[in-house]
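S.K.: Quick one: the structure is below, and I'll ask about it shortly.
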Amino acid sequence: MGAALSDTNYAVIYDLHSHTTASDGLLTPETLVHRAVEMRVGTLAITDHDTTAAIPAAREEISRSGLALNLIPGVEISTVWENHEIHIVGLNIDIAHPAMRDFLAQQTERRQARGRLIAERLEKAHIPGAWEGALRLANGGAVTRGHFARFLVECGKAATMADVFKKYLARGKTGYVPPQWCTIEQAIDVIHHSGGKAVLAHPGRYDLSAKWLKRLVAHFADHHGDAMEVAQCQQSPNERTQLATLARQHHLWASLGSDFHQPCPWIELGRKLWLPAGVEGVWQTWEQPQISQ
């Protein structure tokens, strides 16, 4: 997968982490799948936050337009571990499975409750209208902290989304509300019940020391997690190698994904997504041909 690409002959690019307007992405499902093809992605997973609402529209557009794109139904589930918000991606799930549907309905209720509390805290800090602003920006999708961040940038409270999180939404700041999500174990369980593979999302992005990151990966593996994201767009070669080593040590499959939310200079669908030597791609768990009995 690390081989150079040419116009006529190139390896399949996998991007197994992306977002749409169903959560905090800026592209509709239809636009996202077309962009994926433009970026030469061959297999794309849509993994919106605690919702699978984008999958049917994406499937329909791929079929309608005859796109050469393999769509993997997915979801990114918010969990809490040791007072840290940790995201678990479910890949190749059955989005119609009753267990998954019921579970995501509960997650939506938790997300709405947290959003209202964030808005209340911002209101007390003399920033009115945050809930209405976040709802407007979500446009019918799940309300996330990203929508509050966009609202605050819109209001001139900060120059960038990153600045908003540092100033208002990070732990200890005005708009921070401790998450009340499910556990990692519960997320893994519902993903498995719906026929999918559980993946520890962007492990290098959490505010954890090397020691605590090792504890997180061990906890995830001990509770039957399947894979961890090893490769992302923005990442030092050293981090990619270290994550691959952790995956091997805990006998986890490797995943990779851009975590694409919107077109920007530094994150793009399929960009720099290759696995180091010594790890195996999680897609092999569903692409391997079945042996006939």
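Including glycine, each Cβ sits where the backbone N, Cα and C put it.
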S.K.: Please pick, from Asp226, Asp259, the residue that Swiss-Prot records in the Mn(2+) 1 site together with His17, His19, Glu76.
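M.R.: Site partner of His17, His19, Glu76 for Mn(2+) 1, according to Swiss-Prot: Asp259.
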S.K.: Figure out which of His193, His202, His219, His223 sits with Glu76, His87 in the Mn(2+) 3 site per Swiss-Prot.
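M.R.: Looking at His193, His202, His219, His223, the one Swiss-Prot places in the Mn(2+) 3 site next to Glu76, His87 is His202.
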S.K.: Going by C-alpha positions, which of the binding-site residues (His19, Glu76, Asp259) is nearest His202 (Mn(2+) 3 binding site)?
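M.R.: The answer is Asp259.
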S.K.: Quick check on the binding-site residues Glu76, Asp259: which one has the highest count of other Cβ atoms within 10 Å of its Cβ?
M.R.: Glu76
S.K.: Near His49 (Mn(2+) 2 binding site), which residues of its chain come within a Cβ-Cβ distance under 8 Å, counting only those 6 or more away in sequence?
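M.R.: Same-chain residues close to His49 (Mn(2+) 2 binding site) (Cβ under 8 Å, separated by 6 or more) are His19, Ser23, Asp24, Glu76, Ser78, Arg111, Ala142, Thr144.
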S.K.: Measuring Cα to Cα, how far is His261 (Mn(2+) 2 binding site) from His17 (Mn(2+) 1 binding site) in Å?
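M.R.: Just about 10 Å between their Cα atoms.
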S.K.: Would you mind reading off the Cα separation of His17 (Mn(2+) 1 binding site) from His87 (Mn(2+) 3 binding site), to the nearest angstrom?
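M.R.: Checking the Cα atoms of His17 (Mn(2+) 1 binding site) and His87 (Mn(2+) 3 binding site) gives a distance of 11 Å.
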S.K.: Around the Mn(2+) 1 site recorded as His17, His19, Glu76, Asp259, what other same-chain residues have a C-beta within 8 angstroms of the site's C-beta center?
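M.R.: Going along the sequence, the neighbours appear as Ser18, Thr47, Asp48, His49, His87, Val89, Ala201, Gly257, Ser258, Phe260, His261.
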